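As given in Swiss-Prot:
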- 1-32: region 'Disordered' (REGION)
- 1-13: compositional bias 'Polar residues' (COMPBIAS)
- 64-84: transmembrane segment (TRANSMEM)
- 98-118: transmembrane segment (TRANSMEM)
- 423-443: transmembrane segment (TRANSMEM)
- 465-485: transmembrane segment (TRANSMEM)
- 504-524: transmembrane segment (TRANSMEM)
- 559-579: transmembrane segment (TRANSMEM)
- 580-600: transmembrane segment (TRANSMEM)
Amino acid sequence: MDGTVTPSPTTTAMPPVSALDAGTPTLPPEAPLAMPEQNLREGSLQVRHQRTSPPGIGVRRFYLIGGTFATTAIAVWVMLSVLWPDGISVLEGCLLGLFVLLFAWIAMSFASAVAGFVTVVARAGRKLGIDPEQPLPTLRSRTALLMPTYNEDPRRLLAGLQAIYESVAETGQLEHFDFFVLSDTTREHIGRAEELVYNELCDRVDGHGRIFYRRRADNAARKAGNVADWVRRFGGSYPQMLILDADSVMTGDTIVRLVAGMENNPDVGLIQTLPAVVNGQTLFARMQQFGGRVYGPIIAFGVAWWHGAESNYWGHNAIIRTQAFADHAGLPSLRGRKPFGGHVLSHDFVEAALMRRGGWAMHMVPYLQGSYEEGPPTLTDLLIRDRRWCQGNLQHAKVVSAKGLHWISRMHMLIGIGHYFTAPMWGLLMLIGIGIPLAGGGIDLAGDLPFSPARYWHGSSQGNAIWIFICTMFVLLAPKLLGYIALLLNPRELRACGGAFRAAVSILLETVLAALMAPVVMYLQSRGVFEVLAGKDSGWDAQVRDDGKLSWPALFRSYGGLTVFGLFMGAVAYAVSPALAAWMGPVIVGMALSIPVVALTSLRRTGMALRRAGIFCIPEELDPPKVLVRASELRRAAALEPSLI
C-alpha cells in the first residue's frame, strides 16, 4: 500500500483548467521576499541567550543531563555486578556498550517525562503572554495560513480548510488573514479537481480575494520547496505565516492567540503547538490518539520545559515569522547522492536550527489547545510514513555539524537520528543476551535441566539481573503511569476519557497491543535503517487519511516473510528448550501474529466497538470543539458527492 490516491471507477467529468473564471484571481499581487540558501560550512550563533528564555534554563538542562547520567550510572553499576565476577568477555562487552546507550536513551526520556508531569500537574509552563483563559486579543498585522497539498483528495482537504476559515471568521478578525492552498500535485486529474473544488469553496464562503490557490509546475524540494516558493513570491505581504498539514484543523481562537504571541514578542521566530490526534476510527488509530492524548502532554510539556527558547519545529500547526524564515531557513541541497544527498527531507528540524542560529527564539506552547491533526489509520500506513522519516532523520548526519548551530539544535537532530538506531540496537541487545549463556554454558539437550537464559542470568547475578529488568521496564513505562496519574488529578479530562477504570483498561490494552506490534516495528525500522545506509531512497507518496482498508493479499505481502521468520525462530527455540522459547516469547509471538494483529487493529468496527464500550475515549469525542464538528460535517457531505478523482 503506497498511500496514493487512485482514480475511482465512478468519476465525474472534469472541465479543462481553462474553464476556471479568468476574471477571478487565484493569487494576490506578488510581494517578493529574498530567501537565500544557507551555508552549512560557515556561520555563527547570533544570540546565545534569548530574552524569552525561561528563568533557570541552565538548571533545567543540568537536571536533564545530570539525571540521565546519574540514573544510567546506577543501572550500569548493577549491570557490572552481573558481568564482572568472571571477567567480561567480548560478547559481554558488546552487551554492556549497548546497555549503556539504550538505558541512557530511556533514562533521558524518563527525566524529561518527570519534568513534564510536574509542569502539567502544577499548571505551569505558560509563556509569551499567551493565555487561553484571557479575552481574545485584537490583532494588528496580516497572517497567511498555508495548506500545502500533494495528490490529496481535494474535497476532503478543502473541507478542513473551510472549517478553519469559518472558525477564524467567528473571532471577528478575518480581515487579518489570507488562506493559501499550495498544491504540489503531480496527477493532472487531481489538479483539475483541486481547481474546481477551490472555486466551489470560494463561492460558498464568499472567499474570493481571501482564499488563494497555487499549483507548482515543478515540485522541487517537496514540501520545503513548496513553502519556500510561496515565501519568495508572496512572503513580503505577511509578517507571519501559519503552516498547516493536509489533515490539520485549528480553532480561530488558537490561531488569533498565536498571531498575538508573535506580535507581542518581536524576537520570537516560531511558536509550535501540540496537535492533538483526533478522528481515529480504526482500532490502531484510536489507540494512537488515546496514547497521544494521555501520555503526549507529559512528553510535550517535558521537552518544552528544557527546550526553552530552542524548541523544535514539527513542520505543521506552527506559526512562523516570515522575514526570519526567509533570512535564515533557505535550505541548501546536500552534497552527494540520495538518500543522504540532495534536498533536505526532514526539513523542519533543519529550518528551526538555522532560524535559531540566526538569532530567533523558537518556542513550544503545549498548553494551548485547539490544534488538531489525524493519525495514520493502520500500522502499515504508519510504517510507510516512518520509512520516509527514517531517511530524513538519518540525513541530518550531514547537517548536525553545521557551523554556528545552538547545541540544543544539534541535540534535536541527534535524538532524531538515535530514534531509528535504537531499533537495531534493541534487537542486538536481545540476541547477545541469548548468545552469552549459549557461549557460556552451551546447549545440553540430554541434560537434567533444559537450557534457559533466565536461569543463567538469575543464577550468575544473585538476582541483580531481575532488578535490571524491573528498573528498565519501569523507566520505559513511566510516561504512561505519569500520564494516568495526571489524568486522575484532572476530573474533567478523566471523565472525558471514560473514568478511572476505563482509562486504566485503555492504558493496559494500549500497552499490550503496542508490545505485540513492537517486534514488527523494530524489524521494519531496522530494515529501514539498513536500506538507507545501503542507498535506497524512500520516494514521496501521498498519505492515507481515511480508514485503512488492507486486503489479505496486501497483508501477506507486507508481513508474510516476517511471520514465517517468527514461526521459524519459535520452532528452533523450542527445539533447543521450551524455556528459551518462553524467554523469546514476546518477540516470537509479535512476529508470528503480525498479520492477524495488523488486520485486527486496522478494522473500523473493532475501534468503534471499543469506543461504544468507553475504551480509548478522548475529550474531543465527549465534547468536540465546534471546528472539529464542522470539519466532520463537511467531510461527510463531501463523501456523498460524486467522486472527482
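Glycine residues also receive a Cβ, built from the backbone N, Cα and C atoms like all the rest.
Among the listed stretches 64-84, 98-118, 559-579, the one sharing the most Cβ pairs under 8 Å with the transmembrane segment (423-443) is 98-118.
Between the transmembrane segment (580-600) and the stretches 64-84, 98-118, 465-485, 504-524, the greatest number of Cβ pairs separated by less than 8 Å involves 504-524.
Only residues 6 or more beyond the boundaries of the transmembrane segment (64-84), in the same chain, are considered here, and those with a CB under 8 A from a CB of the stretch are 92, 95-96, 99-100, 103-104, 107-108, 110-112, 114-115, 306, 457, 460-461, 464-465, 467-468, 471-472, 475. Within the chain, the transmembrane segment (465-485) has long-range Cβ neighbours (under 8 A, six or more residues past its boundaries) at 71, 75, 78-79, 82, 103, 106-107, 109-110, 113-114, 116-117, 291, 294-299, 457-458, 503-504, 507, 510-511.
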